[in-house]
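Q: My questions all concern the structure below.
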Amino acid sequence: MRTVMKEKKSNVETTTLNQVSEEEKKGWVEVAFIHAGVMICVPSLLIGGLLALAMPLGQALLAGCIGYGLVMLFACFTSIQGSDLGLPSCVVLQSCFGKAGSKYLISLLFTISLLGWFGVNNAVCGSAFSNLMANSFGIEVPVSVSILIWGVIMLTTAVYGISAMGKLNTLAVPALLIVCLAGCVMALRTHGTENINTHVETTMSLIEGITLTTGFLTMQIVTAADITRYQKGRGNTIKATLWGVLPAGILMLVIGIVMAKVAGEYDISQVLCNVGLPVLGMIVLILAAWTTNTTNAYLAGINIVNILGLKDDKRAMVTLISGLIGTILAVVGVMSQFEAFITWLGAAFSPMGGVMLVDYWILRKANPEKWSPRESFDWLGVTAWAAGFVLNIFVTSGLVLVQSILLSGIVYYALCKGLRKEEYHGAAL
């Protein structure tokens, strides 16, 4: 009782690797806003811009919608695993990768990627903020100072945890959607609609467009449980995933496509500056980076606790320290050299999803009572994951996301049926 009272008083989340209690569960709307906050970012607009420049309007919209639909489909299943078990992804994956595999493979890859993107996004935000202040207001702010300031600000909500992130996104997401739509209308009034249906030489197939869209969100499939462990029931989990991912994701996609065709610039914050509204542009830039990056830092903190074997109440501390390290690396310019590596690393995540889905939904019959962690490395899970990872690296044609999930899932199922004799009775959570 004393611990619970302390947690409420401090408002700092202390449930990290342990099961979330029923009292800590959230409503689906709050979780949906967190999902939406991840979707509203400059990379989402970039996807729309890239599709608009490579294929006709209708095909670009179709590719984006199918891509987001596939991601949402897989994410619904992994999200339900989180709400069923009340555990974060790195712990959920202990049943198919083992405790050691979860620590030294899964959480390590998650941490490198999440902190890497935190630093990259922070550097982009800091640079854009300095440019905006100089060009629009004549105020010179060193890029390093901007990166440091916004890095610390973005860390605050991540340190406090899911409740603070929910409050941030509940306020920021509606504001971002309104400003983005208003900016889109203003750009259409300024530039007209003549260029929307301008002929574009098709340089990307529909399948390639879908793959581009899904590649952006692959990690969200396997880390969904980190957020949905706080969700009440399967129905609410599906609603949160559906209404959090699709509307915001498709809206950002459409804005990116329309802006790229009409204004020649997919970034709505830059479009707002170009039409004489730099303050609104700055607000969009900062809030979009904040809602996405705070989730990156939060998830990284969970995985570092897992790697180091720390107690749950140390998450806030390691989130702060690791986020500051990522910010400092962004200040000194290391992240610009790191971006290609973490982009390549993204190929590692969809095979995890295949193993994760087969383990829970097929072998354990989606029954939380049959779930239990395995000690050490589970080489069957690691082998199946490696097969999907190799496929992602060397096969670039077709629906890469679906192919790697299917291959790793099939390999894992075959290995378990052929080499593992015990029944999946599980253990008490």
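From the backbone N, Cα and C atoms, a Cβ is placed for every residue, glycine too.
TrEMBL labels come from automatic prediction, so no person has curated them.
Not measured: the values here are computed from a predicted model.
Not my notes, these are from TrEMBL:
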TRANSMEM  32-53  transmembrane segment
TRANSMEM  60-80  transmembrane segment
TRANSMEM  100-120  transmembrane segment
TRANSMEM  141-162  transmembrane segment
TRANSMEM  168-188  transmembrane segment
TRANSMEM  209-228  transmembrane segment
TRANSMEM  240-259  transmembrane segment
TRANSMEM  271-290  transmembrane segment
TRANSMEM  316-334  transmembrane segment
TRANSMEM  341-362  transmembrane segment
TRANSMEM  382-415  transmembrane segment
Q: Return the stretch with the most CB pairs under 8 A relative to the transmembrane segment (168-188), choosing among 60-80, 240-259, 271-290, 341-362.
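A: Ranked by Cβ pairs under 8 Å, first place goes to 271-290.
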Q: Does the transmembrane segment (341-362) reach the transmembrane segment (271-290) with at least 3 CB pairs under 8 A, where each pair is 6 or more residues apart?
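A: Taking Cβ pairs at least 6 residues apart, the transmembrane segment (271-290) and the transmembrane segment (341-362) are not in contact, as fewer than 3 fall under 8 Å.
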Q: Between the transmembrane segment (32-53) and the transmembrane segment (382-415), do 3 or more CB pairs sit under 8 angstroms, pairs being 6 or more residues apart?
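A: Between the transmembrane segment (32-53) and the transmembrane segment (382-415), which are separate recorded stretches, there is no contact, as judged by 3 or more close Cβ pairs.
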Q: Are there 3 or more C-beta pairs under 8 Å linking the transmembrane segment (32-53) with the transmembrane segment (240-259), counting only pairs at least 6 apart in sequence?
A: yes
Q: Is the transmembrane segment (60-80) close to the transmembrane segment (271-290), in the sense of at least 3 CB pairs under 8 angstroms with a sequence gap of 6 or more?
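A: Contact absent: fewer than 3 Cβ pairs fall under 8 Å.
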